[in-house]
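This report refers to the structure that appears directly beneath it.
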Amino acid sequence: MKTVTVKDLVIGAGAPKIIVSLMAKDIARVKSEALAYREADFDILEWRVDHFADLSNVESVMAAAKILRETMPEKPLLFTFRSAKEGGEQAISTEAYIALNRAAIDSGLVDMIDLELFTGDDQVKETVAYAHAHDVKVVMSNHDFHKTPEAEEIIARLRKMQSFDADIPKIALMPQSTSDVLTLLAATLEMQEQYADRPIITMSMAKTGVISRLAGEVFGSAATFGAVKKASAPGQISVTDLRTVLTILHQA
């Protein structure tokens, strides 16, 4: 399986990489949060742009991105607008969503974008090609905050992302039972062993799914999300605890 290298970080080799999400409403808070995050132990900074209030002003959005880049120049920056339909803070039209991601790509300030699988096949394919032409990696994602589908469906979605040339396919699902967590882990393992030719990220959410955030190296998930301050999704644990557990499992 090929790895994905962003800056000096090799995703898909060794212990799962830790991603943290920064969620700030304006430029002042972006700056203060970035300064607070700078001291934390993590690998990738995700900027959750759907929390940013002034999305109509692209210059303001990119000014905030510039602050993040300058505050943590060594950290890979993942630009994510999580749509309301997949658990994000704001609804957005497909046209505006694509335009925002293209602006981020054009800025030269971001290393990766998050692109939701169910945005529309043509738009997704075109945006992936546009990102790659500008040396920006694509994390292609799908989130279900209500349920966990069957393993076959989980694998089908991840394979579809791979067929669309995502650099890193990602899926996050809500378990209704402990067996749902096992379904996610089994699907991850099957994808990893039989179909994946690139790193994947999977997780089962909420307290029930916490084990999936820790056991990525065992089952085949290349990264996991931790919290510096406020968790961006149910079930996230602190980056300090997360690094400790990931290191223990890696060295065992």
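Glycine residues also receive a Cβ, built from the backbone N, Cα and C atoms like all the rest.
What Swiss-Prot records for this protein:
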type	residues	note
ACT_SITE	His143	active site, proton donor/acceptor
ACT_SITE	Lys170	active site, schiff-base intermediate with substrate
BINDING	Ser21, Glu46, Trp47, Arg48, Arg82, Arg213, Ser232, Gln236	3-dehydroquinate binding site
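Within the same chain, the residues at least 6 positions away from Lys170 (active site, schiff-base intermediate with substrate) whose Cβ sits under 8 Å from its Cβ are Asp114, Val139, Met140, Ser141, Asn142, Met161, Ile200, Ile201, Thr202, listed in sequence order. In this structure the C-alpha atoms belonging to Arg48 (3-dehydroquinate binding site) and the residue listed as 'active site, proton donor/acceptor' are separated by 15 Å. In the three-state DSSP reading, Arg213 (3-dehydroquinate binding site) counts as helix. Between Arg213 (3-dehydroquinate binding site) and His143 (active site, proton donor/acceptor), the C-alpha separation comes to 15 Å.
Cβ neighbour count for His143 (active site, proton donor/acceptor) (all protein chains, 10 Å cutoff from its Cβ): 22. Here the CA atom of His143 (active site, proton donor/acceptor) lies 15 Å from the CA atom of Gln236 (3-dehydroquinate binding site).
The CA atom of Glu46 (3-dehydroquinate binding site) is located 16 Å away from the CA atom of His143 (active site, proton donor/acceptor). The Cβ of Arg82 (3-dehydroquinate binding site) lies under 8 Å from the Cβ of Arg48, Asp50, Gly88, Glu89, Asp114, Glu116, His143, each of which sits 6+ residues away along the same chain. Arg82 (3-dehydroquinate binding site) falls within neither a helix nor a strand when secondary structure is assigned with DSSP, and so counts as coil.
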